[in-house]
C-alpha cells in the first residue's frame with residue numbers, strides 16, 4: 001500500500017541527534033524494538049513519535065523512536081487535513097530517560113467545512129506531487145506545505161511532500177542539506193492563510 005510506505009517514511013522530523021544514546025526503530029503498530037545509538041547536536045533528546053494516516057474508515061499507525069531536536073519536541077502534535085476525508089496525524093513525546101511515555105490519539109472531531117480550502121497532496125519519491133483541493137474544517141484556517149527528503153542506504157534519497165489544511169502553523173526550521181544515512185531533512189516549510197471560497 002503506497003500510503004503505508006509514505007507514512008513509514010514521512011515523518012520529516014526524525015533525525016539522529018550529542019553523546020546521549022536513544023532507542024532507534026520504526027514499525028507498524030504501537031511499539032517497536034531496535035537498537036541504541038548515540039545522538040549528535042542539535043538532536044539531543046530521546047523521543048517516541050506516533051503517526052497515523054486515516055481515510056474514511058481505514059487508519060494505519062506507525063511508531064518511530066529516535067533522537068530529536070528541542071524544536072521538534074515542542075511541536076507535541078499535529079493534524080493535517082490532506083483532502084478527500086484523509087488526515088496525517090502525529091503525536092510526539094520526548095523525555096530525559098527511556099522509555100518515553102505515549103501520547104494518545106483522540107478521535108477526530110466531527111467538524112463541518114468552514115468555507116476555506118488549501119492545496120492538498122501526499123507524495124513519496126517526489127517533491128511536486130499532483131495537488132487536489134483539501135476542504136478545511138472546524139478550526140483549520142492555515143495551509144501547510146512541507147518538502148523534504150530522507151537518505152537511506154537503499155534506494156538512496158527519498159523525496160516527499162505534504163500539503164493540506166492545519167489549525168495553526170508549526171515552528172519548524174529548515175535543515176542543512178546532507179546525505180548522512182537515516183536522517184530526514186526539511187527543504188521547505190510554508191504556512192499561510194487558507195483560501196476562502198467565493199460566496200454565492
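Placed from the backbone N, Cα and C atoms, the Cβ positions cover glycine too.
Swiss-Prot has this to say about the protein:
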DISULFID  22-46  disulfide bond
DISULFID  25-32  disulfide bond
DISULFID  39-67  disulfide bond
DISULFID  73-94  disulfide bond
DISULFID  95-100  disulfide bond
DISULFID  118-143  disulfide bond
DISULFID  136-165  disulfide bond
DISULFID  169-191  disulfide bond
CARBOHYD  176  N-linked glycosylation site
SIGNAL    1-19  signal peptide
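Known features from Swiss-Prot, placed on the structure.
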residue	record	Cβ neighbours (10 Å)
22	disulfide bond	25
25	disulfide bond	14
39	disulfide bond	22
46	disulfide bond	26
73	disulfide bond	17
95	disulfide bond	14
100	disulfide bond	19
118	disulfide bond	28
165	disulfide bond	28
191	disulfide bond	15
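Cβ environment of residue 94 (disulfide bond): 45, 46, 47, 68, 72, 73, 100 lie under 8 Å away, each six or more residues apart in the same chain. Each of the disulfide-bonded residues 32, 136 was scored by how many other Cβ atoms lie within 10 Å of its Cβ, and the smallest score goes to 32. Cβ neighbour count for residue 169 (disulfide bond) (all protein chains, 10 Å cutoff from its Cβ): 14. Summarising the environment of residue 143 (disulfide bond), the number of other Cβ atoms within 10 Å of its Cβ, over all protein chains shown, is 23.
Separation of the C-alpha atoms of residue 165 (disulfide bond) and residue 143 (disulfide bond): 5 Å, rounded to the nearest whole number. A distance of 37 Å separates the Cα atom of residue 22 (disulfide bond) from that of residue 118 (disulfide bond). Here is what falls inside 10 Å of the CA of residue 169 (disulfide bond) among the disulfide-bonded residues 32, 67, 95, 143: 143.
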